[in-house]
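Novice: Just dropping this structure here.
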Amino acid sequence: MAPFLSSSIPLLLLSFLPLLSLSFSTVDQPYKTYIIRIDSQSKPSIFPTHYNWYTTEFTSTPQILHTYDTVFHGFSAILTPDRAATLSQHPSVLAVIEDQRKQLHTTRSPQFLGLRNQRGLWSDSNYGSDVIIGVLDTGIWPERRSFSDVNLGPVPGRWKGICEVGERFTARNCNKKLIGARFFTKGHEAVGGAMGPISPINDTLEFKSPRDADGHGTHTASTAAGRHAFRASMEGFAAGIAKGVAPKARLAVYKVCWKNAGCFDSDILAAFDAAVKDGVDVISISIGGGNGISAPYYLDPIAIGAYGAASRGVFVSSSAGNDGPNFMSVTNLAPWIVTVGAGTIDRSFPAVVVLGNGKKLSGVSLYAGLPLSGKMYPLVYPGKSGVLAASLCMENSLDPKMVRGKIVVCDRGSSPRVAKGLVVKKAGGVGMILANGVSNGEGLVGDAHLIPACALGSDEGDAVKAYVSSTSNPVATISFKGTVIGIKPAPVVASFSGRGPNGISPEILKPDLIAPGVNILAAWTDAAGPTGLESDPRKTEFNILSGTSMACPHVSGAAALLKSAHPDWSPAAIRSAMMTTANTFNNLNQPMTDEATGKVSSPYDLGAGHLNLDRAMDPGLVYDITNYDYVNFLCGIGYGPRVIQVITRSPVSCPVKKPLPENLNYPSLAALFSSSAKGASSKTFIRTVTNVGQPNAVYRFTIQAPKGVTVTVKPRKLVFTEAVKKRSFIVAITANTRNLSMGDSGAVFGSISWSDGKHVVRSPIVVAQMDPL
């Protein structure tokens, strides 16, 4: 339920996340950045432009940072809280939203999606050459081979964007592959003073241009649409041909994130506005909130900008966040956004810790320096002292007398994994064993450490600590095994991947699906070493990263291929094709498991399943959604017309009878039953499918009912003809939640599938005991 349901008065939308509140001070009074949502239709005719109106009636020109006119109507400005409160009372102001900081959700993966050269989706779509992907991230390193325009045709004629020049970035850095580039600094700069930067932006720390000083944006852009690059590797790891999911798709980059400074809502919204106006077909945004905290849709500029894009036919793919395996940790929850979790691929970089007692423990590492060559070194665990900072190997926490010449066991958490290795190195340690805690379970991520290092799961980490405590002279060594392909089982849901249920609208299952997001090789900046640490002098053309940030661009590239092959499909239809054809079994032909627990994963972990592009090309049926449907959904979750207009831009009205949010035509079903329900209760869902396969087809359903739940479907079959493309059906779910064995997730799971003998159109079912949020 929304915190207010005003339909007639202006709204002051104060900071939803006070811990992220960004402010600075002058001598006289505090200032903050606010995003002001204006009812554009109320502009007096005396003003020739909206900008003229804004600067005359609402604020002065120097205070305005951005104006928005495509996905959003209004402006962002530097204001005192008192002035913001005053503006909120203006009859033309719909909302005042405090600017917030967001964060990044930090070569075989295309094949692992089912893509092969010269067959299937790649060849049928001409590799996406007529589709434009907009990437909102940290910019791009344009000289990389992944962004070559060799043998690409002309830039699509509908493109209206620019190549914005700046520090070490000229118009010549764009080409027929990288067709546009912009950067957005004003929200970022406003934090450090009236117009001062939060940190120096220069050619050593950062570039005031689309050039990427961080590496994240270069990596995500090349994952989505990188060209074929032969002899690619990261210091010998993952050697082979690197290529993105849509190698011929065009790229437009929008730099909204700044090194060590995050990404500000006002800049993100400006980038959405520009990207849609420029003519992108797909927006990829691996950015979001942290700690599993999500703002309501009307307070979330990513949700607002994404709606403006999706309502104009632009597919928006976003990362699910890296706060898993915690319950309800998924972020970017709006139903018009495709929310992508992360899974492993069938490639790993194994390393082995050998203890003095002969025990061998398997882990992972991307260390590429001089090996330890089997030599045993003294082993120490600083956590034995009882000092938390030392156990975590935090900066200045290690006593050189204790660790010099030794392999050091460090607990994972509180600081970057690679930074712990640097702390050990500075203190004189020769190596590091990075031990997972219970929250990370057995989930492992490879890192290009500066010293010999190996990451171990929680159980193996405990075994190392037990060994250290069991002897007065513990010793160990680490051996590195390079790259191993053909790992089974795969995919596995990554332990860090954001988990459901949806913390705002639990009627909508999130994440939507998962894609490769662990140990992904892609292009990298020359401005940072592979660890990203300032002290890392190494240069590499490619780097290996993990995160839902890496999973998101896989889906963005997939959307480009599907859009190219099916230009008439809406963003909702493309998402439906991906979800209803997703894999739920691994390469052992067994149900996918959760890396954190080793148990079978659920839709709260993987959504509809793992992306499978070969099947998504020909899904048979799709669940389409219109802008009108989204408005009804917003009415159904309790938003009034004036609140909804903050999101939709245009005035709306809600039906007299309140719609049910679970009847949004989504490719999944979530039945929520009140904890106070007595006896059996029922929920009824209405869904409509559109035939995009053979014109004459008959589909029949198969139900995998959640344990203890009754599921009925009417009609028993769906008959399509040349004249009849759409059919509706009703699903009734009946359960006595007090008698259900729901386990830790608080839910039971099943599915409904429609098949004509060729296609299988599958939707997950979630039955949960949950009171309205």
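Including glycine, each Cβ sits where the backbone N, Cα and C put it.
Note that the structure is a prediction, hence the values are computed from the model and not measured.
Dumping what TrEMBL says about this protein:
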- Asp137: active site, charge relay system (ACT_SITE)
- His216: active site, charge relay system (ACT_SITE)
- Ser549: active site, charge relay system (ACT_SITE)
- 33-105: domain 'Inhibitor I9' (DOMAIN)
- 128-597: domain 'Peptidase S8/S53' (DOMAIN)
- 377-463: domain 'PA' (DOMAIN)
- 663-767: domain 'Subtilisin-like protease fibronectin type-III' (DOMAIN)
- 1-23: signal peptide (SIGNAL)
Novice: If you count Cβ atoms within 10 Å of the Cβ of Ser549 (active site, charge relay system), leaving out that atom itself, what do you get?
Specialist: 32
Novice: Same-chain residues six or more away whose CB lies under 8 A from the CB of His216 (active site, charge relay system)?
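Specialist: Those within reach of His216 (active site, charge relay system), by Cβ under 8 Å and sequence separation of 6 or more, are Leu104, Thr106, Asp137, Thr138, Cys257, Ser286, Leu545, Ser549.
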Novice: Is it possible to get the count of other C-beta atoms within 10 angstroms of the C-beta of Asp137 (active site, charge relay system)?
Specialist: 30
Novice: I'm checking region-level scores; what's the whole-number mean pLDDT for the domain 'Inhibitor I9' (33-105)?
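Specialist: Averaged over the domain 'Inhibitor I9' (33-105), per-residue pLDDT gives 91.
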Novice: So, by DSSP, how many helix, strand and coil residues make up the domain 'PA' (377-463)?
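Specialist: The domain 'PA' (377-463) comes out at 28 helix, 18 strand, 41 coil.
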